[in-house]
Amino acid sequence: MAGILPNHQQPHHLNHENDSWKKNLRLPPKDHRPQTEDVTATKGNEFEDYFLKRELLMGIFEAGFERPSPIQEESIPIALTGRDILARAKNALLLVPTRELALQTSQVCKTLGKHMGVQVMVTTGGTTLKDDILRLSEIVHIVVGTPGRILDLAGKGVADFSECPTFVMDEADKLLSPEFSPIVEQLITYFPKDRQIMLYSATFPLIVKSFKDKYLVKPYEINLMDELTLRGVTQYYAFVEERQKVHCLNTLFSKLQINQSIIFCNSTNRVELLAKKITELGYSCFYSHAKMLQSHRNRVFHDFRNGVCRNLVCSDLLTRGIDIQAVNVVINFDFPKNAETYLHRIGRSGRFGHLGLAINLITYDDRFNLYKIEQELGTEIQPIPPVIDKRLYVAPSALDDAQTQQIQNNQNNQNINSQNNQNIQNIQNNRSQSHQNHQSHQNSRSSGGMRNTNARGGGMGVKAAS
């Protein structure tokens, strides 16, 4: 949730007289990855059409946003009128049920508002209250945080929301669950009666409707999701025994072109055990769960987001809202118990309409749950094929780079072999050829037996298309 100070306390604005302001923008490289229709099917509006402050537009463009998405097209003009909003979509404005989401959201606010002098404060549990008290003694325009900490600040009189006109919640279904709902309802009492409330989520269970009827005034309702599943994410399952899972995961790592992956387990203990196994297999791996120190969680999240590590094993702590564009593969090492968790997990890949891959390791005990989730989401999770087309989850530019590198490697190998052949005797050539034939035969036998699952941990035999 985020609080925004009243207009008379907002930062001073920059000079608007320079008509060539766009020429001075420091724009990031363009993202040429294909996007799904649910993100690209806009009305053709531009951010300038909404008469936003130029300083805000500068922050938007320099953050890499060229045109508003469908949910932004629907939300921005309504939000500017001060009307309450109930919006259902995959992408939203603010993300705050967990500490990681609060950190991510605050960074987005800072990026968008950097030309406006906006001061953003992030506050979450697990950090010292003293630092927050000192920070609030200075000018703060936007507060982003988790419900418990914000209520604590309001209850102690440290944060005054009596003149704060805007109250925004994303992942509203989580914030209004029994875990958070009493805190949120109590927090609302610290806001003025004419405050504006905006709720965003991919799912809206009955508990959200109850909250809407009680606290929102004739909200403008936006529903941009006719179907729950994410269009850009290809979903597969591999039927394995529990003891085969690690071997199956190893096969996936060796066959898939993973940019970054998130691997979900159903308990904190299994998170740590699996992360250790992955590291022992020789792959870079971080892990994160709710029982870790907040400082450690922050470091893991920051490093993974910056590409320090390729694989992240976690519990459902990171199922909601985490927006890491580089993640193109999600693996459910443990299959989730309900459709809502499944939906949020696989949504960590295919962010903002880009392509992604979700692979579920299914045991005998999961088979009924798999069917139930398929029915509830109105989707079909296909059995994993022997060949997974890379075009389903890899950006075209990455495919080109990989193919170029493979060609270069092949050429280098050919040059090396040619040079060696000129300097060695015929008998050595014969021995080398014999060794290569033997090795090729062994590899052929090995790959040929990977497609079938067997009791000794044969795996699921994924082969990635070249």
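Glycine too: its Cβ is placed from the backbone N, Cα and C atoms.
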For which of the residue intervals 45-73, 277-305, 364-392 does TrEMBL record motif 'Q motif'?
45-73
So what pLDDT does the domain 'DEAD-box RNA helicase Q' (45-73) average out to?
86
So, by DSSP, how many helix, strand and coil residues make up the motif 'Q motif' (45-73)?
17 helix, 0 strand, 12 coil
